[in-house]
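> Sending over a structure as structure tokens; questions will come in a sec.
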């Protein structure tokens, strides 16, 4: 999650909810009378299951990708190092965005203290930026690889790859830094012995978030998507114009896999970016009934991209598929013929 789209609050320990009712949330204090279906037990269970599933698959799947890239020599290529960097970013998105967003959605509270109020949104934004920038880096590297002549530019070295990865993280941190700078952590006293702690964006002037939202829509979605589409269109045209040698057939399969990764990114992130932009352009959107439920639905769709990528690698790339199977066989989770062992 690159942005924090709603005010987040924490009731102080001086006020505890009774055993018979939920404590009122910050949204209920500021926007009384709005319908909030996230308070319904069935919706809360559904959100816990959805977020829990994505967290589990996202963390496990991306950790597996990182492991096999560095464990198996045949996977230690520049493209796969970039894929490992993408997996690391997706792992951080799954572990930094999903659990904290779920807690806020269920409780309407900021329960993580002053320091995380400033650090966490910036870390979340940086992880998302790394993911989108790395998709572009992979596309440009593939284009360079396909277009390279025998006497042309040499392959990228591992040192150059490491430098690109480092630059990606530095640039991502800089792009996300406004989320830590323009932020407020405040305590609002509602009654004697009862207060609410709020963590929210605070811009120098009213409407200041709109330019940043537009910039993030451009840098996190529109521009990366345009670069990816342009690069893979060029790659596809060059590959179609070449003889289908064994190397080109292998490259075509890899390119298909990477195009699918970009397609998943485009489809999954569009609703959340559009919703965030609508919130910043028209502040009345936050007064909608079930605002939090809409955000949660769009957020879940966006976060699905964190676990779909490892599935695509295993499905569409034989090297990853055999590496995954080898890891599971080593831990005695599947039999040599690929079937799950009963004891697992």
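Placed from the backbone N, Cα and C atoms, the Cβ positions cover glycine too.
Automatic, uncurated: that is what TrEMBL annotation is.
What TrEMBL shows for this protein is this:
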type: REGION; residues: 1-20; note: region 'Disordered'
type: COMPBIAS; residues: 1-19; note: compositional bias 'Low complexity'
type: TRANSMEM; residues: 45-70; note: transmembrane segment
type: DOMAIN; residues: 61-313; note: domain 'G-protein coupled receptors family 1 profile'
type: TRANSMEM; residues: 82-106; note: transmembrane segment
type: TRANSMEM; residues: 112-138; note: transmembrane segment
type: TRANSMEM; residues: 159-182; note: transmembrane segment
type: TRANSMEM; residues: 212-236; note: transmembrane segment
type: TRANSMEM; residues: 257-279; note: transmembrane segment
type: TRANSMEM; residues: 291-315; note: transmembrane segment
> With Cβ distances under 8 Å as the criterion, find the stretch in 159-182, 212-236, 257-279 that has the most pairs with the transmembrane segment (291-315).
257-279
> Same chain only, please: residues at least 6 beyond the ends of the transmembrane segment (82-106) with a C-beta under 8 Å from a C-beta of the stretch. Say none if there are none.
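Same-chain contacts beyond the flanks: 1, 6, 8, 38, 44, 47-48, 51, 54-55, 58-59, 62-63, 65-66, 69-70, 112, 120, 123-124, 127-128, 130-131, 134-135, 137-138, 141, 161, 164-165, 168, 292, 295-296, 299, 303, 305-307, 309-310, 313.
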> When you scan the chain for residues with a C-beta under 8 Å from the transmembrane segment (159-182), skipping those not six or more beyond its ends, what do you find?
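Sequence-remote neighbours of the transmembrane segment (159-182) are 2-4, 78, 81-82, 85, 118-119, 121-130, 133-134, 137, 201-204, 208, 212, 219.
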> Which residues of the chain, 6 or more past the ends of the transmembrane segment (45-70), have a CB below 8 A from one of its CBs?
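38, 76, 80-81, 83-84, 87-88, 90-91, 93-95, 98-99, 101-102, 105-106, 296, 300, 303-304, 306-307, 309-311, 313, 320, 323-324, 326-327.
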